[in-house]
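Here the structure comes first, spelled out in structure tokens, and everything after it is commentary.
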Amino acid sequence: MYAWTDGACRGNPGPGGWGVVLRYRGHERTLHGGEPHTTNNRMELTAAIQALEALDRPCVVHLTTDSQYVRKGITEWMAGWKRRGWRTAARKPVLNEDLWRRLDALNQRHEVHWHWVRGHSGHAENEQADALANRGIDEMQEAGAT
């Protein structure tokens, strides 16, 4: 299973969206959504959460994000945060703890291999996830305007 995720925010904080591209054995599924008042980091985390929550059963997932915050958070920083009672090395509360806890549980359910790609560098699936994240914002705003 392959997943590409992206988050977007217009203003930070501001309206935000998330996008996911899932691919398995030649089949592709896309997901997207938006929130009226959020941050870019929350949308990046939400995209990864939505990708993993969409999977019906535990599996091996190669998840690619353009967010170092997400990749490093889950692969490097998480163990220390948990050891310190969800505090950073500076003893401050971990931002977005609610989402990190959800992502941690999903990361334990699946065998996730975390990959990073530079955003807006022409990587096709990352660009698709970015377009979906922006569609999430657009559709949310259009729905609110009617």
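Just so you know, glycine gets a Cβ as well, placed from its N, Cα and C.
What Swiss-Prot records for the Mg(2+) 1 site is D6, E44, and among D56, D66 the residue it adds there is D66. Within the same chain, residues at least 6 positions away in sequence whose Cβ sits under 8 Å from that of D6 (Mg(2+) 1 binding site) are W18, G19, E44, A47, T65, D66, S67, G119, N126, A129, D130, L132, A133. Model confidence over the domain 'RNase H type-1' (1-138) is summarised by a mean pLDDT of 98. Ranking the binding-site residues E44, D130 by C-beta neighbours within 10 Å puts E44 at the top. Its Cβ placed at the centre, D66 (Mg(2+) 1 binding site) has 22 other Cβ atoms within 10 Å.
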